[in-house]
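**Student:** Here it is: the structure, laid out below.
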Amino acid sequence: MIKWLCLFFSYILMVSSHSWLGLWLSMEMNSLSFIPIMIEESKENSLKYFLIQSVASVIFLASILNQSFSFLIPFALLIKIGAAPFHMWLVSISKSMSWKVLSLLMTFQKIGPLLGLAMLQFTNSFFIFISAFIGGLGGINQSNLRLIMAFSSVSHLSWLMVNMSSFFLMLVYYVTYLAILYFAVILLQQSGMYSLAQMNSNASLIYKASISFNLLSLAGLPPFLGFFIKWMSLEMNILSPLLVLALVVSSCFSVYFYFSIAMSSLLFPSEVKSKKMEIPGILSMGFNIFLPLFFL
């Protein structure tokens, strides 16, 4: 219970930090609170996470204390957040995590680094480009749903970086991504699904449709909510044509892959009929279909 309280308090400190040193202290508190939660599931994953976060923290602290190394601040934050090309640690530990811990890692654990990048208004085209393509291509031919979500997280980081020039746009994108992801995670956790093979046999039609809608929304397929926040990002930011093309193409890769998953799962006959599983499924479908009306 104490570790969860410390974790929650660290998020409050991150949001209320007004200096680099304050942000560093809150991120350290956050990491030290999150590691005990990871240890309960895997000591190996917690060790990997500790080492990566420690290296990034040392770089970050050295950068803010010595102006000669200030150019390293965004690199330290990108390592912490798992953006490409520093994403391999995130992929490595994601494949054996529970849905609860993985969802925290892909959402709330990114608050500190995202705030730091927003303070810098970091919109480097190279990192946006490489995160978009690795995130889009990485999920292809993966059968582990946790790995698919991890690569999806890398892809969405590219869109978050696109919106770094406006804190409001970044916040809207982040909150929307968080909501879509958590709907998907709730459904997957209830059924105990961890692989694509399980999607073909262990759920009712409504359940499979709802998880498919969430995946397609994460990929950015119209008319789901995920499409509208990506469209908003392109409309509200001044981007080079090449970068826009890269973002659109990477989203197309994701849509193609997720659409094939959705079709293969929905075409299989349903055997399980559980109202407990159908209620959140119906809610998530309504969320993804009707909320986009506010963007019109």
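Cβ coordinates come from backbone N, Cα and C, glycine included.
Copied straight from Swiss-Prot:
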type: TRANSMEM; residues: 5-25; note: transmembrane segment
type: TRANSMEM; residues: 49-69; note: transmembrane segment
type: TRANSMEM; residues: 71-91; note: transmembrane segment
type: TRANSMEM; residues: 114-134; note: transmembrane segment
type: TRANSMEM; residues: 167-187; note: transmembrane segment
type: TRANSMEM; residues: 209-229; note: transmembrane segment
type: TRANSMEM; residues: 242-262; note: transmembrane segment
type: TRANSMEM; residues: 276-296; note: transmembrane segment
**Student:** Is the transmembrane segment (5-25) in contact with the transmembrane segment (114-134), using at least 3 Cβ pairs under 8 Å (sequence separation of 6 or more) as the test?
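**Tutor:** Contact between the transmembrane segment (5-25) and the transmembrane segment (114-134): present, because at least 3 Cβ pairs are under 8 Å.
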**Student:** Please give the sequence-distant neighbours of the transmembrane segment (71-91): residues at least 6 beyond its ends with Cβ less than 8 Å from one of its Cβ atoms.
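**Tutor:** Here the qualifying positions are 20, 27, 48-49, 52-53, 55-57, 59-60, 62-64, 105, 110, 112-114, 116-117, 120, 122, 124, 127, 130-131, 133-135, 138, 147, 150-151, 153-154, 157-158, 161.
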**Student:** For the transmembrane segment (49-69), find every same-chain residue at least 6 residues outside the stretch whose CB is under 8 Å from a CB in it, and list them.
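**Tutor:** That would be 20-21, 24, 27-28, 31, 34-35, 38, 75-77, 79-80, 89, 93.
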